[in-house]
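Read through the structure below, which is laid out as structure tokens, and then see the notes.
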């Protein structure tokens, strides 16, 4: 009887050990994944912000075309008539309402006289009558907001909240909260690939057509736009709902807000400064308009040249307020309070004496709105908007170009970057990153909340996929360090 030798069953194959990557590669993988998903989700909001901002930048030119009769004089030669006479002409053309302010611009510009009427108060709008300062003739009338024409006011609201109110404000704050993250993350990824300044700023023109060439344009143009995009992100956040409130709280704590001249003849403290448009609503007044000539003369004698805004007093215990309104560098933004009964200045605030934080905020906001450097500022903003739109298009194009095209694996778009092997990330880096995210997330809630949601959803999806893989006996996903740059 023969005995068949027992053959030992083969030992089960050892489960593959996920390939470990070093800390730097793991952080690069994390940055690439965040840049990919943030760009994917925030880009539509950035497109809206760029398009509406581009339209707003065009409003100075548009105003000259649409409202030349109201805004510009036919002949700027000769002497001007007294402002009180211009005020009387505006009152004759607009007998209803209360005069809340007069803007004397000089040169080729008409004088603007604002009238508050009850039906426009809730919308912070006024009726503005335009007067030729050389003839005293009324040239037209418009409904304005913060001194802006109807197209400017409408496009400003479109850019800020899409005319959707508080809910619409979330779009612009979300875009501003993430723009700096996407921009800085992108430049780090591009630097990891290129390693030289020249390489950073030049696209890969020698690359074959495809994802590599598209990535070259995406990265190089993004590098050129970096400083401008960071500036737009920071200045946009200063007047946003939630981040702006935190910024205002910080400014109050360090006493860095914009000072306001006191118009109280009894020595009462001055009112708070206006909003981000530099406006603020003037008080209703029944003061004698004849005092405006004295107020302007005293202000000119005290060095307030150039375009000025004149606000009448609210009552007998309040002074006239005259403020320079030249926001183009070098700015002229001094203010004085004038007691017209004595012809003296009762209070004065010069731009040179503003806290540095107030100056910085003013510079940033005016640059954001295309006011700081005039036409050059507007051209730069237009270039930033167009450049950002191009970078976004290239980003989506890369996603499409990276799609699988082989039979059996075809897809409309490319796969997302691999998840991070957290075991390779130094513990100190993880702790520091968590603390930094919490701090930034508190300051910028519309950065922190979406980021937390992304982390939770990504973790849930990863857990579900891993469990499905275990049930099917699939090999566990092997974290792979991506190429050292975005795309």
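Counting starts with 1 at the first residue shown.
Glycine residues also receive a Cβ, built from the backbone N, Cα and C atoms like all the rest.
Per TrEMBL, the stretch carrying the note region 'Disordered' among 219-241, 242-264, 265-287 is 265-287. TrEMBL assigns the feature transmembrane segment to residues 379-399, out of the candidate ranges 358-378, 379-399, 442-462. Feature transmembrane segment, per TrEMBL, maps to range 217-239 of the set 194-216, 217-239, 309-331. Sequence-distant contacts of the transmembrane segment (170-191) (same chain, six or more residues past either end, CB-CB distance under 8 Å): 28, 31-32, 34-35, 38-39, 42, 45-46, 48-49, 159-162, 200, 218-220, 222-223, 225-226, 229-230, 232-234, 236-237, 240-244, 444-447, 450, 484-486. Outside the transmembrane segment (217-239) by six or more residues, the chain places 49, 172-173, 175-177, 179-180, 183-184, 186-187, 189-190, 193-194, 200-203, 247, 275-276, 361, 364-365, 367-368, 380, 384, 387-388, 390-391, 394-395, 398, 444, 485-487 with a CB less than 8 A from a CB of the stretch.
Per-residue pLDDT, averaged along the domain 'PepSY' (81-141), amounts to 96 for this model.
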